[in-house]
Amino acid sequence: MAPSAKDSVIEDDQYFRVIINERSVDDISLDFFYKPHTITLLVTCISGLLYFAFTRDDSNQEQNIWNGLSCVLFFFLIISVLAFPNGPFTRPHPAIWRIVFGLSVFYFMLLLFILFQTRTDVRKMIIWLYPELKDSGPDEKEYAVNCSEISVQRLWSSVDVFILCHFFGWVTKALLIRHYGILWTISVMWEITEIAFAHLLPNFAECWWDAIVLDILLCNGLGIWLGMWLCRKLEIRDYHWESIKDIHSTTGKLRRAVLQFTPVSWVYVRWMDPNSTTMRIIAVWILIVAFQMVELNTFFLKHILYIPPSHMLNLIRLLLICLISAPTIRQYYVYVSDTRCKRVGTQLWVFCAIMLTEMIICIKFGLQMFRQTVATYVITWLCVQMVGSFVCIYLCALFAERWNKWKYDHDMDSPIRKPRMKPSMPPIDNNSDGTMDCASARDTQSSRNKIDKENGSVKDVGKSSIGLSHSTKAHKLRSRSHSDKKAHVSTNVKSSIGNGSL
């Protein structure tokens, strides 16, 4: 009996909740850390609230406001632990990712509040939090100075703490995306973005050797290589987790506790499948554009609100965006590649809302700056972004198809046959919760049936080829025995002639 539409909807909702939005811990070794302690948490929080409410000095008005806002954030995160979903990850603990989701929601609420203020009032709020920013101005440092003077000493003088941050940022991007083609596309397109907006942000103007050598090749290239190397190491690792209660040595227990902060598994990711549809290509293009938007928001916010690049506010925002990006990209990948996923995850939804709200704030507070925009540059940038990204994505899909075909032909020509998986079906891992596990490919049912037919024909061809090889071997053996007999007869004839018996 075919399942009804209602049963199908319920099944999809359960799949969305268990796999994408509310992943549970499979193997629990210490029950204490995973059992709810809601009453204990309530008593502890209220006791602390009573203590600080009646013992602290409330004579300072500014300190009262700061302590009140801090208490609001604290209890908001407590409610996040109690009520918000786990998301797609469970390591090191689901509560950590609930707090990350709570921080993203709180940051989104803060952005909504800022959106309805004026730029002057927002500056006053920032100065109230950080008085050292009272005399700060826009970052107008120019890097495109004396570009014809190239020396090792000048290249070395350009290496600073921001170069290291740039490098480790690309390592993180590689660990999150895990695709050479997409990473290099983002890297090159970002340099084009800097050229297009250099007339608005002076620090975007760079020398050609700074953009190509230091940025693309050294920082981006080495970061991508190291991140992908770590991905390969994590993919080939055998993940077998032993309960900490079964480990008797102190060193082993400490090692197991540290490994709790590592992924429970790591599966190969396929952004571009050989049978990728147009929607898959558009989805990857949206991912590339989203990365550009997040980076642009970073530079425009600090330029419009007069926040120096080395200030703590920039670091806090970058760390928050990095933490939010991990479950966001995982949920986006599952939505793109899994046919059973019919809607986006909550963390992905909040991240998109944050990105777009930041963009609106930049446009609202920077209208005077954006009036100086050269429309030709922006239109050219949009065209290059669209065409360049689509070309790179198409080449990645074409390469994946050719590689799969070459590997398929190589396996067919090999004398040793190995049982193979279907060439275009990525592995499904419903029990893992690594940083980003691979889901089933978002392909149409017709392509699945076509692949099944091709695999069936391949099996038939394999069987017939094996039968032909056996018959060929038998024919060779019979020919060899026949030739041996003829040689034996000719030898006897020659010996008889030599002896004069004939």
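In case you wondered, yes, glycine gets a Cβ from its N, Cα and C as well.
Note that the structure is a prediction, hence the values are computed from the model and not measured.
Range annotated as transmembrane segment by TrEMBL, chosen from 161-181, 182-202: 182-202. Beyond its flanks by at least six residues, the transmembrane segment (208-231) meets 143-144, 147, 150, 155, 158-159, 163, 166-175, 178, 180, 183-184, 187-188, 191, 194, 266 of its own chain at Cβ-Cβ distances under 8 Å.
Stretch with the largest number of CB pairs closer than 8 A to the transmembrane segment (379-400), among 32-53, 65-84, 182-202, 314-336, 348-367: 182-202. Within the chain, the transmembrane segment (96-116) has long-range Cβ neighbours (under 8 A, six or more residues past its boundaries) at 73, 76-77, 79-81, 84-87, 89-90, 122, 320, 323-324, 327, 346-347, 350-351, 353-354, 357-358, 360-361, 364.
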